[in-house]
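Only one structure is covered here, and it is reproduced in the block below.
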């Protein structure tokens with residue numbers, strides 16, 4: 001009788017140990033145990049000590065495999081093939097909860113026709129359509145752009161300039177999303193590659209942008225008969241590459257194993273960030289010359305001063321964000337996220353207040369880059385960066401806001417048929433000039449011809465800066481006391497070219513990066529990855 005009792009207690013002890021073991025170990029660990037014990041069947045005598053570390057040895061490999069199948073079924077109750085639909089359903093449920101909370105607080109704004117409900121509908125629709133585009137092999141951001149354009153031009157989305165307080169909400173939401181992607185870009189920069197390629201990055205930041213601006217000005221003069229000042233203004237609107245399209249597309253290729261040494265990604269991401277500063281600074285110079293704002297010499301030196309301030313502020317804030325939260329603080333990750341994210345957003349929002357619009361984005365990306373280097377010195381490895389992981393997750397939520405709102409800025413009624421063809425010729429001429437300049441710069445760099453071609457493709461997309469700057473001249477002319485009709489025409493064509501550049505280059509660039517990246521960039525071999533990880 002005593003032996004039976006002892007055996008019963010031993011069996012219970014064994015089951016408890018197994019339950020604890022299976023609850024504490026991941027599926028990957030169980031699979032490893034399955035490989036180690038594939039043909040083992042061990043019998044342990046009664047009275048032996050059991051622990052979570054050796055409980056797996058008490059059962060055969062088939063028992064472990066059965067447990068694995070059960071766990072997999074529980075983790076994917078609807079099947080792996082339906083994962084995207086389950087994700088969409090969960091997103092709808094989350095949106096419903098958000099709507100319910102807002103309805104409880106502000107009913108009039110979230111009922112049909114309310115401005116806040118319209119914004120939520122835009123974000124939700126952009127998210128869903130982006131996923132649907134991904135299902136058919138197209139970039140999700142293209143679906144988000146199309147969603148914004150369709151909603152704006154079918155009356156489903158309001159004109160943000162005529163919406164009172166919501167114009168500020170829309171602008172802030174777009175800047176928050178832009179801040180997130182700039183920080184992500186800064187955290188992804190490789191300092192070793194950047195140190196080797198610093199000259200190439202500077203050349204790519206300045207030369208192609210300036211050459212494209214000059215090329216656009218020449219075509220504006222020849223085709224549209226525009227003054228040189230207006231041609232250069234349009235040229236610098238066109239000269240900016242959109243990091244919001246380039247960065248996520250490149251990061252997606254990296255996660256799939258392409259460009260494993262980060263050389264091409266570092267060149268393109270770093271140069272694209274500085275390229276925007278050059279374009280915004282050039283735009284400010286010629287905007288001031290056209291509308292006679294301030295001293296011309298001050299406007300000429302405005303760009304270099306803006307770059308220097310952005311670099312200085314970014315380095316200082318990056319050092320503060322790296323060292324002020326103590327590395328041993330149990331909330332160090334949350335504090336670092338707030339320091340980098342909140343500080344970056346503050347810089348982006350505050351820079352226009354002091355007249356240096358381009359300083360904020362540059363300082364934002366530099367601060368993230370400097371902080372990331374400091375964190376590595378403090379012990380974080382390149383593969384372990386929870387701050388970067390959090391911003392990657394935030395980008396998933398903010399991406400529909402950025403591209404949906406950019407698309408919603410595009411009013412197709414502005415596009416006049418008789419000017420569309422000429423505007424497309426201007427855009428094409430500028431892109432040709434940019435490609436020639438970019439290729440000439442890369443000829444002196446340590447890149448292959450395939451990489452040279454890929455960089456030219458990734459240098460095409462226009463979106464963020466064009467959406468932000470395209471309408472400024474038109475707003476300035478419209479709000480003048482006695483607007484000049486010829487100047488009004490120049491401003492309208494400027495906006496039209498900015499709109500067309502987004503419609504043409506954003507999808508071509510996004511699809512081109514995705515397609516040509518797989519063809520032109522080297523991919524990690526599985527054996528190399530396995531050996532390095534071992």
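Backbone N, Cα and C define each Cβ position, glycine as well.
According to TrEMBL, the feature transmembrane segment maps to 84-105 (among others). The list of residues near the transmembrane segment (84-105) in space but at least 6 beyond its ends in sequence, with Cβ under 8 angstroms from a Cβ of it, reads 78, 111, 116-117, 120, 124, 127-128, 131, 135.
TrEMBL lists 117-145 (among others) with the feature transmembrane segment.
Marked as domain 'Cation/H+ exchanger transmembrane' by TrEMBL: 125-507.
Among the features that TrEMBL reports, transmembrane segment is placed at 199-224 (among others).
Feature annotation from TrEMBL assigns transmembrane segment to 230-251 (among others).
Among the features that TrEMBL reports, transmembrane segment is placed at 263-287 (among others).
Summarising the annotation, TrEMBL assigns transmembrane segment to 307-325 (among others).
The annotation transmembrane segment is assigned in TrEMBL to 337-354 (among others). Here the transmembrane segment (337-354) has Cβ contacts under 8 Å with residues 172, 175-176, 178-180, 182-183, 313-314, 317, 320-321, 324-325, 360-361, 363-364, 367-368, 371, 387, 390-391, 394 of the same chain, all six or more residues outside its ends.
The transmembrane segment annotation in TrEMBL covers 390-408 (among others). Here the transmembrane segment (390-408) has Cβ contacts under 8 Å with residues 122-127, 130, 140-141, 144-152, 157, 160, 170, 173-174, 176-178, 180-181, 183-184, 187, 244, 248, 333, 337, 341, 463-464, 467, 502 of the same chain, all six or more residues outside its ends.
Positions annotated as transmembrane segment by TrEMBL: 420-445 (among others). Among residues of the same chain six or more beyond the transmembrane segment (420-445), those with a C-beta under 8 A of the stretch's C-beta atoms are 197, 200, 203-204, 207-209, 211-216, 218-220, 223-224, 234-235, 238-239, 267, 451-452, 455-456, 459-460, 493, 496-497, 500-501, 504-505.
Annotation comment: TrEMBL describes 493-516 (among others) as transmembrane segment. Nonlocal intrachain contacts for the transmembrane segment (493-516), taken as residues 6+ away from its ends with a CB within less than 8 angstroms of a stretch CB, comprise 138-139, 141-142, 145, 149, 224, 226, 230, 233-234, 237-238, 242, 245-246, 249-250, 252-253, 406, 410-411, 414-416, 419-420, 423-424, 426-427, 431, 453-454, 457-458, 460-463, 466-467, 469-471, 473-474.
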